[in-house]
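First comes the structure, then the notes that go with it.
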Amino acid sequence: MEGEGFVAASKVNIYEGRVTAFVICTCLIAASGGLLFGYDLGISGGVTSMEPFLNKFFPSVLEQQSKASQTENQYCKFDSQLLTLFTSSLYLAALVASFFASIVTRIFGRKISMLAGGVAFLIGSILNGVAMNIGVLIFGRLLLGVGVGFANQSVPVYLSEMAPASIRGALNIGFQMAITIGILAAGLINYGTAKIEGGWGWRLSLVLAVFPAVVMTAGSYLLPDTPNSILERGQPEKARQMLQKVRGTQHVDAEFQDLLDATEAAKKVDHPWTNILQPRYRPQLVLCILIPFFQQLTGINVVMFYAPVLFKTLGFGDDASLMSAVISGIVNVLATMVSIYSVDKFGRRVLFLEGGAQMFLFQIAIGTMIAVRFGVNGDGELSRWDANILLLFICAYVAAFAWSWGPLGWLVPSEICPLEIRSAGQGINVAINMIFTFIIGQVFLSMLCHMKFGLFFFFAGFVVIMTVFVYYFLPETKNVPIEEINQVWKQHWFWGKYILDEALIGLSRHDEGRDT
């Protein structure tokens, strides 16, 4: 299957323009939307490991911990459906919100969708910080979920549309970079607030989520909309002016014509959610479903939003568990920088394949070590040396995810869909991501209790499946203009049969220019 993942450079247009300070600044501001998702991922696990928080809202969990300590079963310390509902309710709300966000993003533009997400997250953060009962706490989480749903729907699409093809991967991964920074900031804050006397530190952890919310809200208010989105709303002259500003040149005729062609195709589609089910969009539909599905089945959320709980369960002390979460958060940020550097240099496929192999190896290592130390019954403990080795294995796993499935899980779905189904494709991506984040969040502690060390082998098996899938079915999209991605699908050994010739925007003009 020679050439299965690549497209010849001669088959795509190379637009005029340069990387401008304007496009860098707008993309950095937009990418800050990832702080919402990241901060919540990092803060939830730390707060749910704090005894004052558990005593206030989940006293049954403390009682269960006490019983687990007496029986020395390390696997079942935190198994509580109510506690996991607190964490996973956000993702259920984000799932529902993503469908509404898709409509808002298409009709009103990307920046309005980002603004709505920032406001919802801001209100939810305040409610969580002042909550006096479980009802207000969960309602606040639901509003946080609405914010995450809108941000995750609109930000990756905004970044892919604004960025020039040559650095689209790096700028889009700014979203994942913001997620990792949010996770790290949350870990550091949890480490500090856990030491506050009086037992109210968890409130500070939760209410500080207002800061990323303010950044997102203010930033989205100031941002311009993308040329693609402006064209969708019937303002061609304004769209051309924005494209010229973004590309730093007046010579944007070729790219603008491709945008016009894409917009004309999009106008013929009244119902993108129905349209994406047509055979001609089969590659995009399958990838927008399977990439977020596989991203969650890497098992990363086991580590990220339950990191302190997981480390505490495995025998780390209270401070040690929070500090270990901080260390894995630092690795997450540094490894994401690797992805920013390499994604447009080496491509998406190389990162997917290497990351998959590395995640598999270290998940097997983690599962094996836990099996040896705790066995099937959960009786055992970790020495300081064992704990350090386990932390090293987890960090190696996190690093692999952070330069592969983490950023690429958002980048690839946002760049592979033509304009007429782009909002629907990203809506599906977010919805599938949130469905399985919710499921993993809701059942992880029960799975750990019942599957024990086998849980890590379970996720390792899925990593093998997804890595094989990428090898055979994901073409390379680096340096390809976003409106010409269909040419990549057309040349793929399997997906090519689904792509109609008339879907190849800009190809005929390019061929004419080459003939002359």
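A Cβ is built for glycine as well, from the same backbone N, Cα and C atoms used for every other residue.
Nobody curates TrEMBL annotations by hand; they come from automatic prediction.
Quick look at what TrEMBL annotates:
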- 26-478: domain 'Major facilitator superfamily (MFS) profile' (DOMAIN)
- 19-39: transmembrane segment (TRANSMEM)
- 90-109: transmembrane segment (TRANSMEM)
- 121-150: transmembrane segment (TRANSMEM)
- 170-192: transmembrane segment (TRANSMEM)
- 204-223: transmembrane segment (TRANSMEM)
- 284-310: transmembrane segment (TRANSMEM)
- 322-343: transmembrane segment (TRANSMEM)
- 355-376: transmembrane segment (TRANSMEM)
- 388-406: transmembrane segment (TRANSMEM)
- 426-448: transmembrane segment (TRANSMEM)
- 455-474: transmembrane segment (TRANSMEM)
With the transmembrane segment (426-448) as the reference, find which of 90-109, 204-223, 355-376, 455-474 contributes the most Cβ pairs under 8 Å.
90-109
Answer yes if the transmembrane segment (121-150) and the transmembrane segment (455-474) have at least three CB pairs under 8 Å among residue pairs 6 or more apart in sequence, and no otherwise.
no
Could you give the residue numbers and ranges of same-chain residues that sit at least 6 residues beyond the transmembrane segment (204-223) on either side and whose C-beta is under 8 angstroms from one of its C-beta atoms?
26, 29-30, 32-33, 35-36, 38-40, 43, 46-47, 111, 114-115, 117-119, 121-122, 124-126, 128-131, 144, 147, 151, 158, 182, 186, 189-190, 193, 196
Calculate the per-residue pLDDT averaged over the domain 'Major facilitator superfamily (MFS) profile' (26-478) and state the result as an integer.
87
Contact yes or no, the transmembrane segment (322-343) and the transmembrane segment (388-406), 3+ Cβ pairs under 8 Å, gap 6+:
yes
Grab the same-chain neighbours of the transmembrane segment (90-109) for me: Cβ-Cβ under 8 Å, and only residues 6 or more beyond its ends, written as numbers and ranges.
40, 44, 116-117, 120, 141-146, 148-150, 152-154, 157, 225-226, 229-230, 232-233, 272-273, 423-424, 426-427, 430-431, 434-435, 437-438, 441
